[in-house]
Amino acid sequence: MTANNPQNRYDYDVVVIGAGHAGTEAAAAAARLGAKTALLTTNLDTVGQMSCNPAIGGVAKGQIVREVDALGGLMGEAIDATGIQFRMLNRRKGPAMHSPRAQADKKAYQNFIKYRIETQDNLDLRQETVEDLITEPIADGQDRLANQRVIGVRVRGDAVYHAPTVILTTGTFLQAIMHTGKSQSAGGRAGEGTTAGLSGALKGMGFTLDRFKTGTPPRLNARTIDYSGLEEQPGDDDPQPFSYLNDAISSPQMACHIAHTNERVHDLIRANLDRAPMYSGQIDSRGPRYCPSIEDKVVRFADKSSHQLFLEPEGRQTCEVYVNGISTSLPRDVQDAMFRCIPGLEKAAIMRYGYAVEYDYCPPTQLWPHLESKSVSGLFFAGQINGTTGYEEAAGQGLIAGLNAARTAASKTPWVPSRQDAYIGVLVDDLVTSGTDEPYRMFTSRAEYRLLLRQDNADRRLTAQADELGLIDAARRERFHRKLAEIERGTELLQQAKFQPETGPTVRGDVYLRRPEVTWNVIAEQVPELAGIGREAAEQCSIDIKYAGYIDRQQAEVHKQSRHAEKSIPVSFDYDKIGPLRNEAKEKLTKVRPLNLGQAKRISGITPADLALVLAHLENNSLSQTKSSASVDKRASSDNESSRPTSSASDSL
């Protein structure tokens, strides 16, 4: 939509639409960079709300939260302040697999995020309903691909927010429909409506939209659960914080509990599949593979006689319990009957029924790696609108979109972490390069260099870059440098210490620490000076030393792979000019517009032969340009020489 002259106009550098986990991180990041930012949401009471499970982190997700924190984001501090149970997953595996996870006090988490947004400099939080995007055409030649630019948004009530950059973080609210049995209603979350106008606006701009589905389980009243026969799942004895600003977690922890479904439950579900929207044909959108509904579990894993259910308290001052593992859109009467068949839950009262949500998303191959639209300059996308699932994935995207919107508004070049620098880099690259045909969830297996992308070293990977970008404050900077100094001091002390093993010659402390049975604490008992090294610095020293060989090999592999991978490809590169290139390759490369050979390599269907042709063409172009430049220089030199007087002429003068 083009601009007119509304009665009320507000001017900003960045406007963010939606105040969930992506929107709050986006707005906060833009504001930290000094951009005048507006965060618009239809309901101020749902800022930072946990729509589904009351937890942060998990396998690979916990690493993303640590990265968001290392870049100055909100999520790590929020869960440290409001968590009610902390666990480090995969402790029995190597450090690359360690993943922090915490249960949250749902309302306390939401209030923490909202207050941080309200008190952030350069940021205005407004309750508004956005009805349209305002754009203007771009003159030919001003942008190599985009044919229009965003200049603001129109909200309900004859008002306009003008800005050179806009970020869409609309979650599951685009054209959203909720399903419980045959019952349907418009809305992206129970008790709330949908955002219909923006889907139409995006389609009108030429964007392709598709549909995904997600779901949520029932919530039970804790007072009606018989915990006596359920397995208790406590938190860690030594809970570790998510944020690098915190040394420890001191708040008391609450236990979760484990229940199990059985054949009675499964038979009930099978008997009612014709009433399940996913199986009756009422829903034809694809849902998250790794968070299936209980209906899906019973059908897909028919040989299993039982499925685990995790009973997760939603806070310290509520009786609501989230039943992780039984997401469903079956009718209410079936949900009631299911719980009556589960030991410990026979008398459980449902406080909120489960439901499924269908919603529009924008396939992310329409974006550049910095999450700006290829066709509409200044328009950014982050979170579930890009086809992802999960609070953590949304937060990571939000931060990247926010900082790049602010940089774009200030006419600065974009910044995106690479795949070898961060899980966030893996996430963004996967989305914009390959897209996704199902809700995308991060796993450690998606990262080629996961030994380098550990949860313990996110600050060492990213905080220095965050400082250069202007994302962090002085307190975080000083704390980071103190930690680096501690790591250096700890390494020096280990190298200076001498140990006499039971067999063999005397060895240095760092050499002794490489032994599998030797821990930091064993050495610290004999080197009192190590007592001054903090827990995180000690952990870093230990991992650096124990896994030095593996880390060195992975870093060498990164260097090897990046030799050609970093070869840049012009945005307007014409693949049709490469005669021998397969038509499939031409189509896919033109669609994605990879910025370098590394990104081109990761496009599905692109072969090594295709890459070789592209590389050869790039090098030939470069060589031709070099020769052309040299020829011009030579002609210019010749012209200059001919314009100078010869020696004989000089003599005659």
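Glycine is treated like the rest: Cβ placed from N, Cα and C.
Annotation source Swiss-Prot lists FAD binding site at G18, A19, G20, H21, A22, G23, V130, T195, Q384, citing sequence analysis. Around the Cβ of G20 (FAD binding site), the number of neighbouring Cβ atoms within 10 Å comes to 30.
Summarising the annotation, Swiss-Prot assigns NAD(+) binding site to 287-301. Neighbour density for K297 (NAD(+) binding site): within 10 A of its CB lie 19 other CB atoms from the protein chains shown.
Residues annotated as compositional bias 'Basic and acidic residues' in Swiss-Prot: 632-642.
Marked as compositional bias 'Polar residues' by Swiss-Prot: 643-653.
Taken from Swiss-Prot, the feature region 'Disordered' applies to 624-653.
Considering only the binding-site residues R289, C291, K297, V299, G20 (FAD binding site) has C291 as its nearest partner by CA-CA distance. In this structure the alpha carbons, written CA, of F301 (NAD(+) binding site) and Q384 (FAD binding site) are 28 Å apart. Cβ neighbours of R289 (NAD(+) binding site) (same chain, under 8 Å, six or more residues apart in sequence): E438, P439, R441. Among the binding-site residues listed (G18, A22, V130), A22 has its Cα nearest to the Cα of V299 (NAD(+) binding site).
Residues G18, A19, G20, H21, A22, G23, V130, T195, Q384 are the ones the record ties to FAD, and the longest Cα gap between any two of them is 18 Å. A gap of 23 Å separates the Cα atoms of E295 (NAD(+) binding site) and Q384 (FAD binding site). Neighbour counts of Cβ atoms within 10 Å were compared across the binding-site residues S293, Q384; the minimum falls on S293.
There are 19 other Cβ atoms within 10 Å of the Cβ belonging to C291 (NAD(+) binding site).
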